[in-house]
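Visitor: Have a look at this one.
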Amino acid sequence: MTDQAESSDSKNAKKDFSTAILERKKAANRLVVDEAVNDDNSVVALHPATMEKLQLFRGDTILIKGKKRKDTVVIALADETCDEPKIRMNKVVRSNLRVRLGDVVSVHQCPDVKYGKRVHILPIDDTIEGLTGDLFDAFLKPYFLEAYRPLRKGDNFLVRGGMRSVEFKVIETDPGEYCVVAPDTEIFCEGEPVKREDEERLDEVGYDDVGGVRKQMAQIRELVELPLRHPQLFKSIGVKPPKGILLYGPPGSGKTLIARAVANETGAFFFCINGPEIMSKLAGESESNLRKAFEEAEKNAPSIIFIDEIDSIAPKREKTHGEVERRIVSQLLTLMDGLKSRAHVIVMGATNRPNSIDPALRRFGRFDREIDIGVPDEVGRLEVLGIHTKNMKLAEEVDLERISKDTHGYVGADLAALCTEAALQCIREKMDVLDLEDDTIDAEVLNSMAVTNEHFQTALGTSNPSALRETVVEVPNVSWEDIGGLENVKRELQETVQYPVEPPEKFEKFGMSPSKGVLFYGPPGCGKTLLAKAIANECQANFISVKGPELLTMWFGESEANVREIFDKARQSAPCVLFFDELDSIATQRGSSSGDAGGAADRVLNQLLTEMDGMNAKKTVFIIGATNRPDIIDPALLRPGRLDQLIYIPLPDEDSRHQIFKACLRKSPLSKDIDLRALAKHTQGFSGADVTEICQRACKYAIRENIEKDIEREKRRQENPDSMDEDVDEVPEIKPAHFEESMKYARRSVSDADIRKYQAFAQTLQQSRGFGTEFRFADTSGGATAAADPFATSNAAADDDDLYS
């Protein structure tokens with residue numbers, strides 16, 4: 001909410017008023033909270049000029065209003081060293097006002113504070129453990145003696161004395177809310193100490209605890225706070241204030257939290273209806289429950305009614321078969337906008353399925369405003385992380401910005417889970433010094449605990465966004481090193497997938513949207529799926545793997561819905577890589593499949609086409625397809641804009657085979673005299689999978705030999721127990737003999753005829769797309785550049801021209 005951000009937005013003359021309500025208003029009595037110099041619970045320090053502006057004198061009692069409608073009374077003192085618009089207060093006052101350093105509080109004069117007759121003060125239980133003796137003499141008497149301290153009912157204050165500090169809470173004051181403790185005030189401190197849990201629970205959420213929904217928050221505050229606080233605004237213009245807000249968004253994005261924050265901050269009466277709770281078995285009972293809720297809210301106006309999970313009580317009437325549901329929907333409709341107007345009652349609904357709500361509810365006058373609480377972007381995630389980690393003990397080097405970059409598609413709840421997981425990880429590391437049986441844990445162990453970057457990284461590895469829970473996404477642990485050869489393919493892939501995710505601003509600079517799809521084709525066993533796995537691992541995007549045949553189901557129209565759902569999930573957790581393995585099973589040419597399940601395959605393909613390049617806005621969703629029958633794939637899929645990069649993954653040449661041997665045997669113990677080069681030379685025409693198989697087989701022989709040796713040695717030891725074990729086996733390793741043995745069984749999985757087919761296909765693609773090989777801009781010198789083009793087939797281009805003449 002800084003002013004710089006606002007000014008940078010308004011460069012282009014027109015100011016964006018959508019978040020105007022969130023800006024801080026400038027006023028003389030709004031002061032910025034600063035750390036106190038001398039620690040006193042009843043004193044705040046102001047600059048003399050500020051005091052003059054507010055017409056305060058030294059020693060005046062003032063009323064300070066903080067967040068969540070908290071206020072307190074203190075004595076104002078002048079302090080030359082305090083900056084101009086700041087106010088210095090210590091931690092106790094800050095916690096009573098629920099503010100942190102740098103927040104804004106408002107200061108008001110409070111001339112009519114009476115001397116108190118009686119005050120009732122109780123200690124908080126965990127601060128007096130193990131204390132004996134009279135609390136009053138030790139703590140309260142020296143604190144209040146001759147001090148004339150103002151007190152506010154409900155405040156806490158901390159008293160230091162005798163090596164201890166005890167926290168007290170003001171339970172009652174007489175007279176009224178505020179009073180000054182004078183020498184003749186009676187102080188009661190009898191009674192059960194206040195429990196810390198009851199104390200903490202009151203401290204509920206405010207606007208500060210909701211992150212990543214700044215624009216939506218502004219809309220909600222316009223609709224809720226303005227009518228509740230200043231109804232005359234709407235009266236003077238002559239419109240009725242809006243009555244209903246529907247919040248929708250994926251689970252865990254903070255819909256209920258926002259409603260709670262609004263209730264706490266506005267001070268309105270808050271009535272929460274959980275959808276299923278109002279149902280009852282008696283006829284007419286459920287409707288009367290609803291009516292009672294609305295009556296209750298009108299009695300306590302201004303008030304907010306919050307209906308959580310509204311889709312459970314207001315489903316579409318034509319779809320539901322129960323009589324009760326229909327009656328409840330009708331009752332809700334009449335209550336929200338019936339003949340009786342409802343005054344000062346705002347209805348908020350929350351759901352994650354806005355389309356299953358009865359459409360009559362979604363018109364103006366009932367739920368006027370539908371606010372989409374979506375998945376937060378990077379800035380929003382940083383805000384949310386800041387909120388969740390503000391009470392955590394973080395190590396210095398924790399880089400929240402980095403984490404917010406790595407958590408694409410996480411909603412608020414996922415980020416909270418991430419923080420908890422990181423903290424748990426920190427505790428697990430300290431498990432060796434903790435003992436569960438002990439009653440207490442050493443203070444130094446507790447103090448040494450801090451959550452570091454590594455903990456967050458481990459937590460990131462185990463967590464995934466909740467939008468992807470059911471299509472569970474295992475990021476495979478395959479890296480580029482596991483793939484032998486294919487250097488230019490790797491580069492092409494990195495450009496396609498990693499550039500738009502890592503430096504997206506480059507694409508904006510050049511004014512192009514990045515390409516969205518890649519199709520690998522080539523003989524089986526050349527590493528198409530492996531490449532996709534590596535891409536998922538290397539780039540920071542989420543990864544959904546879709547097996548082609550899984551999408552088809554027996555129900556009519558279900559297969560298309562599956563495709564749609566997958567794309568929706570991918571969009572929610574963008575940037576995301578969708579990998580379709582065996583693409584030819586669902587993308588065969590249309591019209592070729594006659595009569596299978598009413599042409600289900602064709603319909604799935606049509607759905608795929610519209611999803612990939614339809615009219616809906618694109619998020620960063622990449623599509624990688626892999627197939628070994630590229631000739632039967634529908635040509636509409638292969639046009640630029642859908643799968644525009646067609647990458648032929650050939651059988652590996654000698655260098656690549658050498659790389660594959662190396663990659664396979666990275667972790668195996670090899671004997672010195674194995675020559676991988678020679679192996680690579682001999683395996684002409686083998687695919688990557690065949691090469692891997694050779695390695696596995698050699699490995700198997702080595703293991704067999706090793707086990708036989710062990711058995712042999714065991715036998716000898718039993719026959720001759722006295723002999724020393726002088727013949728310790730050399731390190732077990734794979735020897736050339738094993739490879740020679742395994743080469744006897746090696747076989748090629750791809751025949752020459754197949755390869756010719758693939759090459760012919762690649763060739764036709766090259767020609768069909770290669771019209772522009774001869775193209776040069778007019779002014780470049782011709783000869784030098786023409787030679788540089790590898791595909792310069794001038795005669796082929798000339799032949800092609802005959803087709804069009």
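Note that Cβ sites are derived from N, Cα and C of the backbone, with glycine treated the same way.
The feature ATP binding site is assigned by Swiss-Prot to 249-256, 522-529, with sequence analysis given as support. Look at Swiss-Prot and you will find 783-805 tagged as region 'Disordered'.
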Visitor: Where among the binding-site residues Pro251, Gly522 do you find the Cβ with the fewest other Cβ atoms within 10 Å?
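Guide: Minimum Cβ neighbour count within 10 Å, taken over the binding-site residues Pro251, Gly522, occurs at Pro251.
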Visitor: Most Cβ neighbours within 10 Å: which of the binding-site residues Gly249, Pro524 is it?
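Guide: Selected residue: Gly249.
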Visitor: Residues with Cβ closer than 8 Å to the Cβ of Lys528 (ATP binding site), same chain and 6+ apart in sequence?
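Guide: Long-range Cβ contacts: Phe520, Tyr521, Gly522, Ala626, Thr627, Asn628, Ile649.
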Visitor: Near the Cβ of Cys526 (ATP binding site), how many other Cβ atoms are there if near means within 10 Å?
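Guide: Around Cys526 (ATP binding site), other Cβ atoms within 10 Å: 27.
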Visitor: Give me the count of other Cβ atoms within 10 A of the Cβ belonging to Ser253 (ATP binding site).
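Guide: Cβ-Cβ neighbours of Ser253 (ATP binding site) within 10 Å number 28.
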